[in-house]
Amino acid sequence: MTRFWNRITGRRRHLYERLPLNGDQLSSPLQATRSSPSTTAWTKAIIVTAGAFLVFVFFRAYSAVVDPLCDSIDHGYRCSPHISQFWGQYSLYFSVPSEIPPEVPKSCSITFAQILSRHGGRDPTAGKTIWYNYTINKIQQNVQSYSSDAAFLKKFKYNLGADQLTIAGAQQMVNSGIRFYRYYESLASQNVPFVRSSGQTRVIMSAQKWLEGFGEAKGDEKPSSKMVIISEDTGSNNTLSHGLCTKFEKGAASIVGTAAQNAWADIFVPSIQSRINNKLVGANLTQQETIFLMDLCPFETVAHPTAEISEFCGLFSRKEWHQYDYYQSLGKYYGFADGNPLGATQGVGFVNELIARMTGTPVQDETCTNHTLDSDSETFPLDRRLYADFSHDNDMTSIFSAFGLYNSTYPLSNTTLENIRDTNGYSASWTVPFAARAYFEKMKCDDEEEEFVRVIVNDRVIPLKYCGADKQGRCKLSKFVDSMSFSQSGGHWNQCFV
């Protein structure tokens, strides 16, 4: 952090040194005019003012270039988008392009809004942080010579923790809460969202930070919202964290997803592995360790207080980051989404809860819902206008699949790189980055008796084609509910215990 600010202040100091602030230092026709002391004084005043203005302009322009606050409320993470938007689920939330304008159509008003959010940026999981540390130690113990762009690794100290929300990740959630309030201000100014969180610490903290942002935008430091925390203990019924489907938990997710990733890794990693090992003579990194080194780019970035791009990121090319993003997308698609026979089934409980909230009727579900919580109006009210639920990337991936949001995506190839057009908008970075958010809306429009339903994922309106979407991507509430027959029938829950 100190080096960063020294670079900024040092550059600004040079700007001040180069720009003349005293009229006598300027080579100007005005200096040759010595008609009177008063004229000279005015001339100097004008020149000094002009010089100060130029300093101000240069200062502001340079500040805009090196502004360390990469995460913005309205657009998400905006630094180095050519690489930072290709880190798979380790990307920091950014505003995804939308073919359909996300603004509320004219003559319509929002009557209901539900956010489903991933937690903010975190440290690696406990298992991964051990492997990352091991990889760094291996490099430092074995490398005989470093290339110039990898020289930082010689004295690099691994300080990442495990599983916890980072400072930058917490700020993501504050920003998300502010954005939600602004976007739904007509409702949010009069209502407080009902909040639920899955029981892991980083998710609970994310929900709290989101509420902090919501309250800040509303002018209420402590919004009076009760938070229901749903346990993630083994055997717990929890629609925000999978864990009950025995067949899925005992291998269906890891086997299918990992197999797809391994097939693609065998194609794209070897050339990167060879190049990195040439930069780090003696390291002899394996294929998996090469991927670990790529992982450290987003994790070191989100560990920085203002999410400054890590030096690890510069070790890899733009093309290689696209390949990495696809690698992570394969893991999500075949591990938890449509590519897994039981992927969508893990999300049907949440779908049925949303139907209950949208229609004001009791939850009808026999999968992973918590009947004790969902049958109590204190812990699962049906009369609210705003709801906020906080979860994980894998669970959101399954929930999106249960909703059929990416039905138009053909099974991803594990041998050929596909871009976002090929996948019809599906990638891990576009769907479940850190602080990802999906908005499920109801809206009432003039001259329409029935409400519409619309879904927005990271600012991208998802056309609900399966229930007769109009040009705004919406469909009527009744048709939306009818189209959720997979979830209402329990998905493939009966296969979970075979």
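Glycine is treated like the rest: Cβ placed from N, Cα and C.
Copied over from TrEMBL, here are the features:
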TRANSMEM  41-62  transmembrane segment
DISULFID  CYS108-CYS445  disulfide bond
ACT_SITE  HIS119  active site, nucleophile
DISULFID  CYS245-CYS496  disulfide bond
DISULFID  CYS297-CYS313  disulfide bond
ACT_SITE  ASP393  active site, proton donor
DISULFID  CYS467-CYS475  disulfide bond
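Shown here: features listed in TrEMBL, placed on the structure.
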| residue | record | CB count, 10 Å |
| --- | --- | --- |
| CYS108 | disulfide bond | 18 |
| HIS119 | active site, nucleophile | 29 |
| CYS245 | disulfide bond | 22 |
| CYS297 | disulfide bond | 23 |
| CYS313 | disulfide bond | 18 |
| ASP393 | active site, proton donor | 21 |
| CYS445 | disulfide bond | 17 |
| CYS467 | disulfide bond | 18 |
| CYS475 | disulfide bond | 23 |
| CYS496 | disulfide bond | 21 |
When distances run from the Cα of CYS313 (disulfide bond) to each of the recorded positions CYS108, CYS245, ASP393, CYS445, CYS475, the nearest one:
ASP393
List the Cα distance (Å, whole number) between CYS297 (disulfide bond) and the residue listed as 'active site, proton donor'.
19
Round to a whole number and give the Cα-to-Cα distance in Å for the pair CYS475 (disulfide bond) and CYS445 (disulfide bond).
12
Nearest recorded site to CYS467 (disulfide bond) by CA-CA distance, among recorded positions CYS108, HIS119, CYS245, ASP393, CYS496:
CYS108
